[in-house]
Amino acid sequence: MGERDTAGHMIYRTEHLPVRGGTCGHDHSSPESGSNTVDIAHLIKPLHQRVRRNAWSTTKYMELFIVADNTLYQKQNQDYSKTRQRIMEIANYVDKFYRALNIRVPLIGLEVWTKGDQCKVSDEPNATLWSFLQWRQKLKARKRHDNAQLLTGVVFKGTTIGMAPLEGMCSHENSGGINVDHSEAAIGAAATMAHEIGHNFGMSHDNEGCCVEASPEQGGCVMAAATGHPFPRVFSACSKKDLASYFQKGGGMCLFNMPNMKDLVGGKRCGNGFVEDGEECDCGEPEECTSSCCNANNCTLKAEAQCAHGVCCEDCQLKQAGTMCREPAGSCDLPEYCTGASPYCPSNVYLLDGTSCLYSRAYCHNGMCLTHEQQCVQLWGYGAWPAPAACFQDVNAAGNAYGNCGKDSLGNYVKCGRSDAICGKIQCQSAAKKPKGTNAVSIDTTIRFNGREVCRDRRCQNASFSELDVCVSKCHGHGVCNSNKNCHCNAGWAPPFCDKPGLGGSIDSGPVQNDGQQGLVAGLLFAFLVLLPGVLGMFYCWKIKTSPFHKWQARRNQNTQTSRNEVYDQKPKNGHLNPAFHLKTIGLSNKPSNAKKLVCDRQPRGSPTPPQRPLPLNPSTGPTKRGGNEMLVMVPPVSNNPVGKAAVIPPAKPLK
């Protein structure tokens, strides 16, 4: 075993390393490695608090195309059937690995280069990757797929046996990777391919402590920087977090449509987990099926079940038409709705490339809104920002690993012209000592700068989106254009051209539910649960109050209260109950007229009412002195009794 090449992303050969396998061609410290897209979740999320979908509850489909080069075909003894079977075994393992992430990987195409390679395949992994990705763009024109992987028999330099762009999934330029078939067991190459596809999904290498799902003796985790026998089968929590972040910002737009099962390589088979012609459902093999709606032994629906799969299927029944099944993930995405006839959400659509986003600071591209600022933050962390234009021009004019405008078909770095330098490798300023993750190599997405100029294919071009202009003109100013070049109408206007009253949406998104219907249902529920009990309660109270018993009880209480008042009036009043009296504090002094008085009104003042009987104490004589303390006395208002003559109150009982 040679020393590890620090500039490559490698995976060691199992035959050469009994304990440790290879490593991946992405090296976080190397300028060679790179990414073309960035994590913008932290910038997009504040503008769009709603996340379009729960990435874990919605099944995604990554339609995979695998190519076997001529060297691998030669190693399989030029046996096409054997080579084809090898590819299918590898694809089946990859699909099983990704099921745990709720991602299915149907193999919808394979190609064996029996007469020679159709792209440059050499022992230089970087050159091979770029050459294959360029060839893939031609493949996409003749065969629809989401991701393509090259399986080669060539031995790369050093220990590298796999390489792929970070976050390249669904991209026209970067959705693919290269893999060496380095093991006799198909699972070895499958682990490598799953790893490289993971990079396309935005997964970085697992840091120390990330993989707790499997021990090294069990193979470790798929996104480990190095692998070997036993081969990994599971993804770490760190990888799942990276994947969730990728979906949250709008990545993976191509994964939310159902694949055409007629293209499935290997033919239909009940138990493969894909619903094919002649099947009502398919929940996998009987031992792994957990569906309560599907018969695993014959792939038919159970009695009373309308469906078994899909986000528009709930409790084996189809959801109501107009139910939102996929919320927009960001400013460049659009919602979709259940049709009421299918258990699956309509194919994902998003804003047509070139639509303005991020407050007109950027353009949408593949359903994502990207800027230089966002990429710098992704690479270096918060506080990073793009370098001045002069830095882009000086560094990217070098045409090396640190500054370039990509690579040519031979794998050589391309120097950037002065006007294209801003579209080359991203140059950032940051206080951080090293980047957070894999370095970026170029800007291949549609990045807006200088008004209507954009980066496209590593060149600075005018932002002329003729398709967008033509499409928008059909929408009569009441909608936007989706990725199928159809109008997505605003609320109140009907598709397809937004020129008539309607509910909004598009012919691709499914029927939008009438908000009036939702409001009617909500209103009826409110009336039934809140208003009706209130009305019944008020009627019950009125009925009680007007009943003969209630009237008799009210008269009885009134008579009783009147009798009590008469009794109280015959008793001597005191200062607490009679509002004509007030509490006064009188100092015990020989000169009561000069004493400080404190009045405490317990009741509102009014015209004093003379007592029925004079009080026994004459205020003019003052209280009997019992000490130095003050005492409270009841001071009546002016009476008609002569001053100094206290009226005598007959005792209530005979004196003894």
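Think of each number as a place in line: the chain as shown, counted from 1.
For all residues, glycine too, the Cβ spot is worked out from N, Cα and C.
Note that the structure is predicted; figures quoted are calculated from it, not measured.
Feature annotations, courtesy of TrEMBL:
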type	residues	note
DOMAIN	60-259	domain 'Peptidase M12B'
DISULFID	Cys325-Cys345	disulfide bond
DOMAIN	467-499	domain 'EGF-like'
DISULFID	Cys471-Cys481	disulfide bond
DISULFID	Cys489-Cys498	disulfide bond
TRANSMEM	520-542	transmembrane segment
REGION	553-575	region 'Disordered'
COMPBIAS	555-565	compositional bias 'Polar residues'
REGION	598-656	region 'Disordered'
COMPBIAS	607-617	compositional bias 'Pro residues'
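Proximity of Cys345 (disulfide bond) to non-local residues of its own chain (separation of 6 or more, Cβ distance below 8 Å) is seen for Thr58, Phe256, Gly310, Val311, Cys312, Cys325, Arg326, Glu336, Cys338, Gly510, given in sequence order.
Sequence-remote contacts of a segment are chain residues at least 6 beyond its ends whose Cβ falls under 8 Å from one of its Cβ atoms, and for the domain 'EGF-like' (467-499) they are 253, 334, 349-355, 367, 505-509, 512, 515. Each residue in the domain 'EGF-like' (467-499) gets a DSSP state, and the totals come to 7 helix, 9 strand, 17 coil.
Most buried of the disulfide-bonded residues Cys471, Cys489, judged by other Cβ atoms within 10 Å, is Cys489. Averaged across the domain 'Peptidase M12B' (60-259), the predicted model reaches a pLDDT of 93. A gap of 12 Å separates the Cα atoms of Cys498 (disulfide bond) and Cys471 (disulfide bond). DSSP gives Cys345 (disulfide bond) a coil state; it is part of no helix or strand. Counting other CB atoms no more than 10 Å from each candidate's CB, the disulfide-bonded residues Cys325, Cys481, Cys498 peak at Cys481. Geometry remark: Cys471 (disulfide bond) versus Cys489 (disulfide bond), CA distance 12 Å. Cα of Cys489 (disulfide bond) to Cα of Cys481 (disulfide bond): a distance of 9 Å.
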